[in-house]
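Notes follow the structure.
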Amino acid sequence: MTLAIIGGGPAGYAAAVSAAQQGRNVLLIDKGKLGGTCLNEGCIPTKSLLESANVLDKIKHADSFGIELPAGAISVDWSKMQSRKQQVVSQLVQGVQYLMKKNQIQVVKGTASFLSERKLLIEGENGKEIREADQVLIASGSEPIELPFAPFDGEWILDSKDALSLSEIPSSLVIVGGGVIGCEYAGLFARLGSQVTIIETADRLIPAEDEDIARLFQEKLEEDGVEVHTSSRLGRVDQTAKTAIWKSGQREFKTKADYVLVAIGRKPRLDGLQLEQAGVDFSPKGIPVNGHMQTNVPHIYACGDAIGGIQLAHAAFHEGIIAASHASGRDVKINEKHVPRCIYTSPEIACIGMTERQARSIYGDVKIGEFSFSANGKALIKQQAEGKVKIMAEPEFGEIVGVSMIGPDVTELIGQAAAIMNGEMTADMAEHFIAAHPTLSETLHEALLSTIGLAVHA
């Protein structure tokens with residue numbers, strides 16, 4: 001039996017490998033480079049540039065560690081940062097290509113559209129061909145949302161991909177949208193010397209996350225020189241004058257900038273698939289699926305950004321594997337109750353489960369445990385003692401229902417929180433944990449103990 005997969009991003013290639021491992025004949029169709037947006041235009045290249053900015057931060061504070069540098073010794077070579085970024089991306093793309101070869105997955109470069117429930121029209125480098133498949137998995141990914149009055153032009157009005165490959169570091173940048181993508185780019189370019197302005201419609205940055213965490217992050221971002229305007233909206237742009245015109249309340253403001261980066265979210269990429277030819281239900285929000293990742297047509301599956309919902313690469317990996325396993329005859333269902341959410345800013349932010357507001361709306365008087373990085377030995381050693389770990393536990397049994405962190409390397413700590421929550425552990429079980437010392441993970445341990453009033457160093 002043949003499984004055809006449309007899209008070679010995290011959901012698509014993970015599904016391809018998983019299905020092949022389970023003995024399936026797999027055909028993968030993708031028009032671009034394997035790895036999708038995440039590997040080529042998103043997660044990996046942005047984090048590569050952000051890591052360069054992190055190194056710059058450390059060098060700037062070298063004197064506080066007893067290391068003195070000659071005056072004027074620090075400089076930023078944007079082209080070398082770009083080269084390093086591309087080296088990382090290329091190595092990982094080659095890794096995905098190796099996985100395809102190792103697992104004997106047929107990869108066709110091109111686009112695919114449905115002719116019927118099982119027939120696909122593939123248009124690629126070798127022209128057009130029609131292929132039949134017993135099952136089809138749609139993993140077509142997503143694309144940036146445009147503002148109707150300010151469409152992307154790749155020259156002044158940028159999407160996130162455009163911002164990755166600028167020829168030089170901008171002296172000024174307006175970012176429309178204070179979510180994950182907007183805040184990561186704001187932190188990157190501000191630390192590289194750009195004057196950055198964020199315009200966000202909500203009353204705070206990263207509005208989907210815990211209010212305490214968002215407040216601490218905004219304070220740090222403003223300390224780094226970023227101009228933040230919440231409860232504000234971009235109204236129009238003057239491309240000739242390179243000016244963004246925006247409103248806050250009834251007042252109108254103008255901000256001149258080298259570029260405008262629009263980061264107001266992403267939408268499922270479904271155009272051109274001809275889903276109606278296969279009878280697959282869909283909407284602008286994505287393709288509805290059940291717990292097995294099946295669409296309304298049982299032998300057609302969908303996962304990743306194409307279904308809307310959680311637009312995260314690690315969720316897409318998981319969804320792809322579940323879809324492949326179910327298509328291969330295993331009775332498996334998705335569980336996305338505890339998906340980590342990471343923001344690679346400075347300091348980093350990592351969350352899982354509910355925010356405090358969400359927890360209180362369900363459980364009422366929840367137990368809150370907190371521990372500050374300023375009381376953690378490893379954080380002080382690293383001279384990165386800003387931030388805290390915050391834990392929400394439901395009141396009856398003490399089960400952990402949410403964890404929010406802001407601080408050094410918290411994206412590496414959130415996996416421990418995920419294990420705790422997936423194991424349905426309660427806060428009092430923390431008494432039996434032993435966290436290595438000195439490590440940042442002690443903050444999570446102490447925050448757990450704090451929910452039952454037993455934190456030692458608080």
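Cβ coordinates are placed from backbone N, Cα and C, and glycine is handled just like the others.
Remark: His437 (active site, proton acceptor) has Gly377 as non-local neighbours, by Cβ distance under 8 Å and separation of at least 6 in sequence. As annotated by Swiss-Prot, active site, proton acceptor applies to His437, with the evidence given as similarity to another entry.
Summarising the annotation, Swiss-Prot assigns FAD binding site to Asp30, Lys31, Gly32, Lys33, Leu34, Gly35, Gly36, Thr37, Cys38, Lys47, Ala112, Asp305, Ala313. In the three-state DSSP scheme, Cys38 (FAD binding site) falls into the helix class.
Per Swiss-Prot, the feature NAD(+) binding site maps to Gly177, Gly178, Gly179, Val180, Ile181, Glu200, Ala263, Ile264, Gly265, Arg266; the stated evidence is similarity to another entry. Just so you know, the Cβ of Gly265 (NAD(+) binding site) picks up 14 other Cβ atoms within 10 Å once every protein chain is counted.
Annotated disulfide bond per Swiss-Prot: Cys38-Cys43, in sequence order. Taking Cβ-Cβ distances under 8 Å and a sequence separation of 6 or more, the neighbours of Cys43 (disulfide bond) in its chain are Ala313.
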Around Gly179 (NAD(+) binding site), how many other C-beta atoms are within 10 angstroms of its C-beta? 18
Cβ neighbour count within 10 Å, max among the binding-site residues Gly32, Gly36, Gly177, goes to Gly36
CA pair Gly36 (FAD binding site) / Gly177 (NAD(+) binding site), Å rounded to integer, equals 23
Compare the C-alpha of Ala263 (NAD(+) binding site) with the C-alpha of each of the binding-site residues Asp30, Gly32, Leu34, Cys38, Ala112, and give the closest one. Cys38
Among the binding-site residues Gly177, Gly179, Ile181, Gly265, whose Cα is within 10 A of the Cα of Cys38 (FAD binding site)? none
Run through Asp30, Gly32, Leu34 for me and report the binding-site residues whose CA is within 10 Å of the CA of Gly179 (NAD(+) binding site), in sequence order. none
